[in-house]
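Enquirer: Take this structure first; my questions come after.
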Amino acid sequence: MLSHDRRSPPLTLPYPLMCGAAVPPPPPPSPGRPVVPSEPAALRVPLPGSSLQGKLRPGPSRSPRMDFLVLFLFYLASVLMGLVLICTCSKTHCSKGLVRGGAQIFSCIIPECLQRAMHRLLHYLFHTRNHTFIVLHLVLQGMVYTEYTWEVFGYCQELEFSLYYLLLPYLLLIINVFSFTLTCVTNPGIITKANELLFLHVYEFDEVMFPKNVRCSTCDLRKPARSKHCSVCNWCVHRFDHHCVWVNNCIGAWNIRYFLIYLLTLTASAATVAIVSTAFLVHLVVMSDLYQETYIDDFGHLHTMDTVFLIQYLFLTFPRIVFMLGFVMVLSFLLGGYLCFAVYLAATNQTTNEWHRGDGAWCWHCPLVAQRLSAEPQVHQNIHSHGLRSNLQEIFLPAFPYHERKKQE
């Protein structure tokens, strides 16, 4: 534990948080009268730092309800269950049936004018190139770092946290913004009449997922192996992975390396902010001995401090920090899961498009998926994987863009 100055003024805690040894239990209630707990003098605990003094003010003598925490956990469980169901049903006809059924139900409830407005809005957000999600991404990232700088960074400095430890999120932010910009503006590998022949000789055709002599019905170009036409950007992309609305660009052969760095630094920055914020709250609880206090519930009974009440107490004392901590923790888990999936695809030299169109061997063990698969599925083998080192080198050190420039010169 970090040492602190014992001469600093004491910190006043709310009177419900009373030491069990110093405060006798409440007297038994009189017949026919409700229990009214007494209001003893506030417990004073020394804590370093001028701005932290007075943060914990006298509050109600009864334990507040935990409705917000219950609703948040219910919401989080619903989101996670939804993601599991989407992953389970993504390769079956079950998801399509559910979508059709849900659309029919909503069409009977929602007015037709509102349906057309929602359809236009969704089409604009997800089927046209726009900067809406880029702005949203920057706003959310700015709000998180503003709160981190405004409160967490200052409080941690007063508690004498290591400066290198506190500056790590800013270093990750610089790398993240740089890679995010490169992902947005870099050509993902657009196929044109000028480079069509060059792309046709990069990858071998497997005659299952990518047969030879197939032309794009929109671009009227011969489709190289591992390419796909993006309906949002309206062009064919070499080694197409997916279209990312957060960067307003396709992820292809030439910007996949920047996208992976962007995803890695975004996950690391969210996790780092969560760790620093958690360390601050835990350090504050330990130094002020909040875990040793007691409180009086709605029935006048004396209880020792539990985790649920402690979270509620910290939320009422530092609402913005606790809310930001919950957001970045959920974001860290979601981004961490997607990062593991992206690293797996990079290590095996697959794209998201190929994984989704392929057999998805990991799903064959799931009974919900296995019973709906065709009896004679097409056998697709990954012929582009040549070992971990070669696969990663193909992504992070692509040689073809420079080869193409020399050809054009």
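Glycine too: its Cβ is placed from the backbone N, Cα and C atoms.
Look at TrEMBL and you will find 68-90, 124-144, 164-185, 259-286, 321-347 tagged as transmembrane segment. Sequence annotations record features per position, and here TrEMBL assigns domain 'Palmitoyltransferase DHHC' to 215-356.
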Enquirer: How about long-range neighbours of the transmembrane segment (124-144): same chain, 6 or more residues beyond its ends, C-beta under 8 Å?
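Expert: Distal contacts: 173, 180, 184, 231-233, 245-248, 270, 273, 324, 327-328.
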Enquirer: Mind checking how the domain 'Palmitoyltransferase DHHC' (215-356) divides into helix, strand and coil residues in DSSP?
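Expert: The breakdown for the domain 'Palmitoyltransferase DHHC' (215-356) reads 81 helix, 21 strand, 40 coil.
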Enquirer: Across the domain 'Palmitoyltransferase DHHC' (215-356), what does the mean pLDDT come to, as a whole number?
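Expert: Averaging the confidence scores along the domain 'Palmitoyltransferase DHHC' (215-356) gives 90.
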